[in-house]
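S.K.: Checked TrEMBL, it gives:
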type: ACT_SITE; residues: Cys2; note: active site, for GATase activity
type: DOMAIN; residues: 2-185; note: domain 'Glutamine amidotransferase type-2'
type: BINDING; residues: Asp98; note: L-glutamine binding site
type: BINDING; residues: Leu231, Ile267, Ser341, Gly342; note: ATP binding site
type: SITE; residues: Glu343; note: site 'Important for beta-aspartyl-AMP intermediate formation'
Amino acid sequence: MCGILAVLGCIDNSQAKRSRVIELSRRLRHRGPDWSGLHCHQNCYLSHQRLAIVDPTSGDQPLYNEDKTVVVTVNGEIYNHKQLREKLKSHQFRTGSDCEVIAHLYEEYGEDFVDMLDGMFSFVLLDTRDKSFIAARDAIGITPLYIGWGLDGSVWFASEMKALSDDCEQFMSFLPGHIYSSKQGALRRWYNPPWYSEKIPSTPYDPKVLREAFEKAVFKRLMTDVPFGVLLSGGLDSSLVAAVAARQLANSEVACQWGSQLHTFCIGLKGSPDLKAAKEVADYIGTRHHEFHFTVQEGIDALEEVIYHIETYDVTTIRASTPMFLMSRKIKSLGVKMVLSGEGSDEIFGGYLYFHKAPNKEEFHEETCRKIKALHLYDCLRANKSTSAWGLEARVPFLDKEFINIAMSIDPEWKMIRPDLGRIEKWILRNAFDDDKKPYLPKHILYRQKEQFSDGVGYSWIDGLKDHANKQVTDAMLINANFIYPENTPTTKEGYYYRTIFEKFFPKNAARSTVPGGPSVACSTAKAVEWDAAWSENPDPSGRAALGVHASAYEAQKGGIAEKIAIA
């Protein structure tokens, strides 16, 4: 991941303004510690903080076309850049960077080229010939991007809110799958897949097609010139990413440079479910496994820094971001700069435990569509910003455009949880990789029940957070919360505590409006809360809140009380 900041059309083009842009860009240096770049053209500024993953020696940004009339600053990876270069043989490339194709595609196709890109990206492109500019964000919002407006008529774009919140009168999260054109002065959606309309699909389930699409998605993401690994929690999604990557690594170009043994990483409280499962998976697929531990107190001590980096007060996101933030620091210390991760599967396949209560396939499918559309506010935000805080890039093969299209075209009847047919959550994904002749994973791992990351690192982690928040927030503070925080009013002491930290760093109304609200249980959307009347009385977003679903909601912890919740 890199950090980009662009300021376009400001009144001031003095040295002081240039210095201010440099100062604000430094707030993103954690995202790109390898190099800083700045292009100034009259009253337009494009800056870049680089994390060098592909072509580390010559791919510094901003990037240009042949005569430098087109300038682009990019955060992300374009996995099909070699194929795109074949379509651009009349153009001269200056670097080996995968992102340079964007400048030349604009020359060739104008503004209508974004759908040709296969990857994760956010970019700002300036055409100095007429001072027009465009900005775009990838289909799902894997990479973060914000747009802001200054009182002087300037338009701002930044990878993180902290780089523009002080200088913009108004700002918001840039919508995924959209492009902003200065010529039109508005956002428009460039990503229009069939599933976006939420129409119920009818394609029969084919395990071979699904498996091969995922294998292809993983293989694309082995494009790197630096050391890499896989985040392995021991759950289904990360285990499949690791198993597929381990098989494909030997036949990839990157193996010649970094070896054919995959590195995997896991974090948890000592004795946590994830650590045990991850070690078993790593031993089975033959990776070099790195296990990290943290304590509840270490996590609590990191909360302020975590919230500053991830820029949200959403409870579930903060719970899961903290161990990921701590793990990323450890991983970076080993010299690793890129990791593969398993985000997106639960949204695509209905893997969250509350999907057990979906009343029919229509509502099941509609909820998966809503969840995918909101990923940029939750899991994508967490995975990107928790890792980028330490200059580590996270790639997510489940959110490959082609894979999503295939998975979301399947008749949702196949995704429904059907205990009478032996189908647990994400059965179609598990079944696609259930190969008795050449197993990808042990059976009990392949069919392990869903654990949210914040649960799987150790159940006492969430309990510790709640206990800490209860000591910081009084009953009176929570009773009066609607007066202090009338927008997205926190309903728990934990939520109130996180909100106070967020407001300290980001006090503007525009900042708090970038965070979603509404009722949720076990990560559901507000609409899905209606599936079970009991859920409206249980506001905890943890996976354990799906009462009557999780097989073992609490395990006995040191000094704690064991509580079991039976499967309904």
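From the backbone N, Cα and C atoms, a Cβ is placed for every residue, glycine too.
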S.K.: Please name which of the recorded positions listed here, Cys2, Ile267, Gly342, is nearest in space to Asp98 (L-glutamine binding site), Cα against Cα.
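M.R.: Ranked by Cα distance from Asp98 (L-glutamine binding site), first place goes to Cys2.
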S.K.: If one measures from the C-alpha of Gly342 (ATP binding site) to the C-alpha of the residue listed as 'active site, for GATase activity', what distance in angstrom results, rounded to a whole number?
M.R.: 21
S.K.: Which number gives the other C-beta atoms within 10 angstroms of the C-beta of Glu343 (site 'Important for beta-aspartyl-AMP intermediate formation'), all protein chains shown included?
M.R.: 26
S.K.: What is the pLDDT of the domain 'Glutamine amidotransferase type-2' (2-185) when averaged and given as a whole number?
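M.R.: Summing pLDDT over the domain 'Glutamine amidotransferase type-2' (2-185) and dividing by its length gives 96.
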S.K.: Provide the number of Cβ atoms within 10 Å of the Cβ of Gly342 (ATP binding site), excluding the reference atom itself.
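M.R.: Excluding its own Cβ, the number within 10 Å is 24.
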S.K.: Quick check: of the recorded positions listed here (Cys2, Leu231, Ile267), which one has the Cα closest to that of Glu343 (site 'Important for beta-aspartyl-AMP intermediate formation')?
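M.R.: With Cα distances computed to Glu343 (site 'Important for beta-aspartyl-AMP intermediate formation'), the winner among Cys2, Leu231, Ile267 is Leu231.
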S.K.: How many whole Å apart are the CA atoms of Cys2 (active site, for GATase activity) and Ser341 (ATP binding site)?
M.R.: 18
S.K.: Taking the Cβ of the residue listed as 'active site, for GATase activity' as the centre, how many other Cβ atoms fall within a 10 Å radius?
M.R.: 28
S.K.: Relative to the Cβ position of Ile267 (ATP binding site), how many further Cβ atoms are located within 10 Å?
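M.R.: Cβ-Cβ neighbours of Ile267 (ATP binding site) within 10 Å number 27.
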